[in-house]
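**Student:** Mind looking over this structure? Questions follow.
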């Protein structure tokens, strides 16, 4: 018969709320303890919350009702304690204002805001609807005691280990704890490796009579490094190289089309040749013109006495022609010199302009493009080298085996049926110790598992010294006093009040008292009465300040 849904009790008209299951998830009461009647020697007033269950295991054993216990317990719906002892009786487990608040405003995050009338309300979201609940002074003080940053935002962290108790911690602590755990798991924050082929196997071997229990947990993890192509830095480097190549091409095209063309060699003229040519041309031209006029020629007289042109120019005419020819040659020489100078100047100007444009375009285009190519090449090379260096460390296959051996002595107690549940709970605690030692050995393994900080809370506050140390994965995280209290519920150190709630209370601790006590409900159960006391508050004190009821 599974433990958990007390709503199947036909005698309570389905008013009993569901109780959280024990870690074993099985009914151990039917093994060895179902045939023994649980006796209660207390007064009638201290047994008002007890009622025999009809149609249960107790009916098959003994149909008698214990004297003084009501057959139809109408008070069960409003009682404040509940535990399931499947030998035929039910007791409500402890529920305080924090549990009620959790039920009213939803089981997620909530905030505290001051209302217009000066009161404070807890505002949460339940079923998609915003719900607010007015807090009394004790509840407000208890929440403010753990909210050191005074941010007014909290998170419910209840249901620890099957205890069923609502617990509250500041939302900032949850965010900080998550960030620190992620930083511990991935200190370099590469995000490039992905674990694959994870195979986790757990084998449990136990006996109902309380013999040796052995729990073997084998974890095989094979992780491989991702390809360098999945690294964004590699593609950034490739993009830089491509941009550099494009810049080189654009610079070359610009220089070929948009720049000043290269000037041709300047055309020069020899001044002497120009002067000689001009002088000869001028002399010939003037000589021809002089011969046209007979007066410019010499005259010879024949025998008869007639004047006949001799065909020679007069000396003064020849002298004038020679003078004018020299002047023309000198002018041609000067013109040739000036023409050569102008051509050279044009060439020099165009060449200088082209060189300036080339230097400017080369400095900007080629230099920047070359820098991009070199930088991209270096980045791609470094990224590839880092991936190759990290790849052997990540391509590891680790096999971790946890073995826990626990000695349980059998006994014929009245509540022997709960022994299996206690054994499963203690086994989970010892498994935590073995995982602590294994984690310290494989601290550098990327496949190390993180133990849920809210997983195992059934141990008492004054447990053995071997359980006081934290898991290795929280060594650095626990250095922060604000966060270490979230994990550490063992030892003699006082909790500083960063986490509100009582992890040791509820169905686990009370069930342990019932099953480990040969007298059943006889001893140590002062809290399971109709008066205001609570056994769980007697067994484990609340670790946080504030009112005792608001836990």
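Residue numbering: from 1, along the chain as shown.
Using the three backbone atoms N, Cα and C, a Cβ is placed for every residue, glycine included.
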**Student:** Which range is it, out of 171-191, 192-212, 213-233, 234-254, that shows up in Swiss-Prot as transmembrane segment?
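**Tutor:** Result: 234-254 is the stretch Swiss-Prot calls transmembrane segment.
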**Student:** Kindly point out the range from 47-99, 100-152, 259-311 that Swiss-Prot annotates with region 'Disordered'.
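**Tutor:** That would be 259-311, the stretch labelled region 'Disordered' in Swiss-Prot.
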**Student:** Can you say which of 1-36, 325-360 is given as region 'Disordered' in Swiss-Prot?
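**Tutor:** Result: 1-36 is the stretch Swiss-Prot calls region 'Disordered'.
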**Student:** Same-chain Cβ contacts of the transmembrane segment (234-254) under 8 Å, 6 or more residues past its ends?
**Tutor:** 228, 361-362, 364-366, 368-380, 383-384
**Student:** Which numbers of helix, strand and coil residues does DSSP report for the topological domain 'Extracellular' (255-362)?
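**Tutor:** Result for the topological domain 'Extracellular' (255-362), in helix, strand, coil order: 76 helix, 12 strand, 20 coil.
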